[in-house]
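Q: Below are the C-alpha cells for one structure; questions will follow.
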Amino acid sequence: MCCYLFQQRERERKGTLLTGEAYKLCETITLLDVLQIEQDIPPIGNSDDNSDDVAKSRKVRNSCMCPPGPPGERGPVGPPGLPGLPAPYYRRPRVPLSNVVFVVVIVIVFFKFQNLDESISRKMRAFGMLYSPDGQAIQLRGMPGPPGPAGPKGLRGYPGFPGPIGLDGPRGLPGTPGSKGERGERGPVGPPGFPGPKGDRGVMTGPFGVHGQHPAPSGPIGHHTTMNIGPPGPPGPPGPPGPAGRDGRHGMKGDRGLPGFDGESKIGPKGETGNPGRDGIPGARGPPGERGEKGDTAFLSTYPRGQSVSTVSSSGSQGPPGPPGPPGVCQVSQCIGVQGPPGIPGEPGRTIIGPQGPPGEKGERGERGETGDKGPPGTPGAASLLNGGKALVGPPGPPGRDGRPGEKGEKGEHGLRGDMGLPGPEGTPGKRGRRGRHGISLVAPNGTINEDLKKLLKTELMPLLIEDISELRGKNVIPGPPGPPGPRGHHGPIGPAGERGPQGLPGHSGERGERGDIGPPGLPGQPGAAESSGNQSGPRGPPGLPGPPGEKGDLGPPGLPGQPGALGLPGHPGPMGLRGPHGTEGKQGKQGPEGPKGYPGPMGPQGPPGNDGEPGIDGRPGPAGEKGDQGIPGLDAPCPTGPDGLPLPYCSWKPMDGKNDVWERRKRATLPRSESVPEERTYIKN
C-alpha cells in the first residue's frame, strides 16, 4: 500500500515514470511491510528484555481436531517478486588479475580522452561505466562492500525432534586374560595301535662249541640188590655239541614297505655343450651371374678450373646406385675445394619506362633571396620655369596601380591562453530514448571477463575510440599533467619464434686486419705449354695429389674351396636328457629267510569319544550373582510430542504404586482370581 501511494505521488509530481532509485526504495518499503505482516517482529530495543517471556510462551499445537475443509479456488497471479539479495562476497566469482588489468586499461583510455561522442558514452554506460557527478571523469562500478554487522539475536525456537538412533560405538579394548582353567578328566584308553615296522634281521649263527672229552669206559654191570638208592650225584660235565642242524625253511614274504620319499625333478640340470662337428664338404662352384644393363652416365670428379670429363652412353637404362666408396685421403692440413667457374651473366633489364609515380609532398619554403642591385636613376621630367627660375609643382597625378602582395612574414610566437569562458545555458531535456538491449555482464559465471563483452569492445567500441582519438590528436588539445607511474606488469608468456627476416644490407667495409698465417699449399696448376726450343725435358715436378676413388669393379668369380679346418675345441656338455620310460617289471625274487620279531609299535592315536553317559543328579544352585549393570536407555521415537492430556495407562511419567493407585485396584477387581497377578514370588530351594 505504501509503495502504491508513493508511486502515485511521484507520478502526480513529475508526470513521468519512476526512476531506478525510487523503484528500489519502493521495493524495500514493500519488503518491510510484508515481513511485519507475516511475522510478529518485536522491536529491536526490547528484544533482550522479552526474550525469556517469548521463549517460555508456547502455542497449543494440534488443538483443532476438525477435518480440513475443501480446497479453495486458485488466487490471482501475484505481483512480480522482489529482486534477490546480493550473494555473499565469498560466493561471488573472482576476476583474475589479467582480466582486471584489461578493464583498467580501457578505463585509462576513457579517462585520457574525456570529450567523446554521446553514442560512445551510451555504450560505456551499457558496459557498467558511468560519468562522475561533475561530468569530467568516467567511473567504473566498484566491487561490493564488506558484509554488514550481525543482526539482533533471534527468538528462541521450538524444541527440536529427537535425533535418530546413534551408530554403534567403537570396539572396546581387549580385556585382561582369564585365569587358567581346571585340569580336565582323564580320557578313555585308546584302541590298540598299528603294528610296528619290521625289525632288522638277526645276527648269523655263532661259532661251534669246543669238543668235549671222550667218554670213560663203562663200569661193571651191577647186580640187583636190595640196597637203597643213594642220592643223585652232581651234574656231570657238559657233553659235546651235536651235529649242525639242517637249514630252516624260507620265511614268509614280508609286508609291503612304506612309500619312499619324493625323488628329485625329472628334468636334470643342463649338460655341457657338445663338441662342435667337423666342417662340411665345400660346395660346388655356382653358375656365373647375369651381366647387368649398362648405365646412362657416369660423371667423374672435377679437375682444376672447372674442367669436367664425362662419359655419355647412347643407350641403356640407369643402373642401381653403387655402394659408397672409401673416403679420400687428404694430404693437406685443410682440404679446400676448387673455385668453380663464374656464373652466366644475367639478362638485361627491361627498358620500358614505368608509369609515372604519385606527386611528391610539397617541399619546404626556400630561404629568402638576397637584395637586388639598385637601379639606374630615371630621366628628369620637364619642368616649367616661372618667376625667377623656380620650378612650379603641378597638381597630383592619378593614383598608381596596386603593388605586388608582400611576402609572408615569419611565424609569430604562441599567444597566452585565454580565460575560461562562462558556462553555457542548460539545455532542454531530450526525448525519452528507446529501450536498450539487454546488458552484458562484465564478469562471466566462471570468474573471467565475458567473451561477448570482448567481442563488442573489439568490433564496436574500439573502432570508435580510435577514430575519436585520431580526431582529437589533430586539434589543439592541451594534455594534462602526467599521472604517477603505474606498477610494473607481470611478465607475459614468451611468444612464438618469429619468421626469419630478410637478409640485411651488406655492412661497411671493416678495417684491414693483421696478416694471417701462411695458408696450405695450393692445388697443382695446369701443365705449361711445351716449348720447341729443344729436346731437353724440364725437371720432374712434385707428385700430385691422390686422385678420386675409382668406381667399384665387377664382382669377381667365386674363390676356390678352402682346406678343411682343424679340429675344434671340445664343446660344453649338452643339457641333461629327458627321463627315460619306465622299465619292464622284473622277475619275482626268491623267498628270503624269516626275519626276527619286530619291536612293539608306537602308541596309536586317540580313539573317538564314547557314547554319552546318563545324566547326573542336578547339583545345588550356586550363590546369587552380583547385581548387573544398568540397561541401555530406551529409544525415542522420531515424532513430535502430542498435547498434554489426562494420565493414561503405561504413558504417565509419574510412577504408580500398585497397592494404593485407584486405577490399579479397579483393574484387579475386574480380573478373575486365576489371572490375578501374584504380588510375591517364591523360589524352590532344594
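Any Cβ shown, glycine's included, is placed from N, Cα and C.
So Swiss-Prot lists these for the protein:
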COMPBIAS  67-79  compositional bias 'Pro residues'
COMPBIAS  231-243  compositional bias 'Pro residues'
COMPBIAS  246-256  compositional bias 'Basic and acidic residues'
COMPBIAS  306-318  compositional bias 'Low complexity'
COMPBIAS  361-373  compositional bias 'Basic and acidic residues'
COMPBIAS  401-417  compositional bias 'Basic and acidic residues'
COMPBIAS  540-549  compositional bias 'Pro residues'
COMPBIAS  563-581  compositional bias 'Low complexity'
CARBOHYD  N446  N-linked glycosylation site
CARBOHYD  N535  N-linked glycosylation site
REGION    42-79  region 'Disordered'
REGION    142-201  region 'Triple-helical region'
REGION    163-444  region 'Disordered'
REGION    230-263  region 'Triple-helical region'
REGION    268-296  region 'Triple-helical region'
REGION    394-439  region 'Triple-helical region'
REGION    475-650  region 'Disordered'
REGION    479-536  region 'Triple-helical region'
REGION    538-576  region 'Triple-helical region'
REGION    577-636  region 'Triple-helical region'
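So where do these features actually land, and what's packed around them?
A: Away from its own ends, the compositional bias 'Pro residues' (67-79) comes close to no residue of its chain (no Cβ-Cβ distance under 8 Å at least six residues beyond either end).
Within its own chain, the compositional bias 'Basic and acidic residues' (246-256) has Cβ neighbours under 8 Å at 198, 590-595, counting only residues six or more beyond its boundaries.
The list of residues near the compositional bias 'Basic and acidic residues' (361-373) in space but at least 6 beyond its ends in sequence, with Cβ under 8 angstroms from a Cβ of it, reads 407.
Counting residues of the region 'Triple-helical region' (142-201) by DSSP class, helix then strand then coil, yields 0 helix, 0 strand, 60 coil.
Across the region 'Triple-helical region' (394-439), DSSP classifies residues as 0 helix, 0 strand, 46 coil.
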Q: Taking the region 'Triple-helical region' (142-201) as the reference, which of 394-439, 538-576, 577-636 gives the largest number of Cβ pairs under 8 angstroms?
A: 577-636
Q: So, by DSSP, how many helix, strand and coil residues make up the compositional bias 'Low complexity' (563-581)?
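A: Taking each residue of the compositional bias 'Low complexity' (563-581) in turn, the totals are 0 helix, 0 strand, 19 coil.
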Q: Give me the DSSP three-state residue breakdown of the compositional bias 'Pro residues' (231-243), ordered helix, strand, coil.
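A: Secondary-structure breakdown of the compositional bias 'Pro residues' (231-243): 0 helix, 0 strand, 13 coil.
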Q: If you average per-residue pLDDT over the region 'Triple-helical region' (577-636), what number do you get?
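A: Value for the region 'Triple-helical region' (577-636), mean pLDDT as a whole number: 77.
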